[in-house]
């Protein structure tokens, strides 16, 4: 102890009896700090020693009945460097050193200067990005479609060319063929004797108007309502 006092101008010893808190400690006023403890107060005394010691000052930790691994861990966690065991008796001693750092000191951070401007999204709409709708149309799109006839639309039975509807026709071809037959029957026939309009008494056996009432020339196939008797 005397050798340490001669070596260092300002030296202090911390024991578990020291009840001073971190707020009461005067920071960085000692050239050397000695800690003597049984172990339970080791963590608290190491924090106080870090505040009391000046940068690059020496700290000796003297402990008893404390596991060596725990001592080394606590000393490093407190911030001390270059931990070395100097005594392996009942009282074990460890020397360490406070780094060249002042308590509460600030260190400037050298950040790279970004001269390049950050890319900003360009929300301006460019005309080049717009698509001309006329370019999407092809030549065949301008051709007027041909309207299909009614008979072509009804060509579901596959028998339009033969003019024969199927047995159970549901597409309407059977009705078309039947209506064409009725129209053909109502078309004026050619008279061979010239007496068709006079009545059945003057008509020949092959007259197309057989059974119809007499009519004037040009009124073939027409029935006058006044000639029909109400039943």
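Numbering starts at 1 and runs along the chain as it is shown here.
Each residue, glycine too, has its Cβ placed from N, Cα and C.
Per Swiss-Prot, region 'N-terminal SAM-like domain' is recorded for 1-113, and the stated evidence type is sequence analysis. Residues or ranges marked as region 'Linker' in Swiss-Prot: 113-143. The [2Fe-2S] cluster binding site annotation in Swiss-Prot covers 157, 166, 169, 171. Annotation comment: Swiss-Prot describes 157-171 as region 'Fe-S binding site A', evidence class sequence analysis. The motif 'Cx2C motif 1' annotation in Swiss-Prot covers 193-196 and rests on sequence analysis. The annotation [4Fe-4S] cluster binding site is assigned in Swiss-Prot to 193, 196, 204, 207. The feature region 'Fe-S binding site B' is assigned by Swiss-Prot to 193-207, with sequence analysis given as support. Annotation source Swiss-Prot lists motif 'Cx2C motif 2' at 204-207.
Here the motif 'Cx2C motif 1' (193-196) has, by DSSP, the following mix of helix, strand and coil residues: 1 helix, 0 strand, 3 coil. Note on the region 'Fe-S binding site B' (193-207): residues 213-217, 220 of its chain, located 6 or more positions outside it, place their CB under 8 angstroms from a CB of the stretch. In the region 'N-terminal SAM-like domain' (1-113), the DSSP tally of helix, strand and coil residues is 27 helix, 37 strand, 49 coil. DSSP states for the motif 'Cx2C motif 2' (204-207), grouped as helix (H, G, I), strand (E, B) and coil, give 0 helix, 0 strand, 4 coil. In this structure, the CA atom of residue 193 ([4Fe-4S] cluster binding site) is 41 Å away from the CA atom of residue 166 ([2Fe-2S] cluster binding site). Around residue 171 ([2Fe-2S] cluster binding site), taking its Cβ as the centre, 17 other Cβ atoms fall within 10 Å, counting all chains. The 10 Å shell around the Cβ of residue 204 ([4Fe-4S] cluster binding site) contains 12 further Cβ atoms across the protein chains shown.
Between the candidate binding-site residues, 166, 169, 193, 196, 207, the densest Cβ environment within 10 Å is the one around 196. Across the structure, residue 169 ([2Fe-2S] cluster binding site) and residue 207 ([4Fe-4S] cluster binding site) are spaced 35 Å apart at their Cα atoms.
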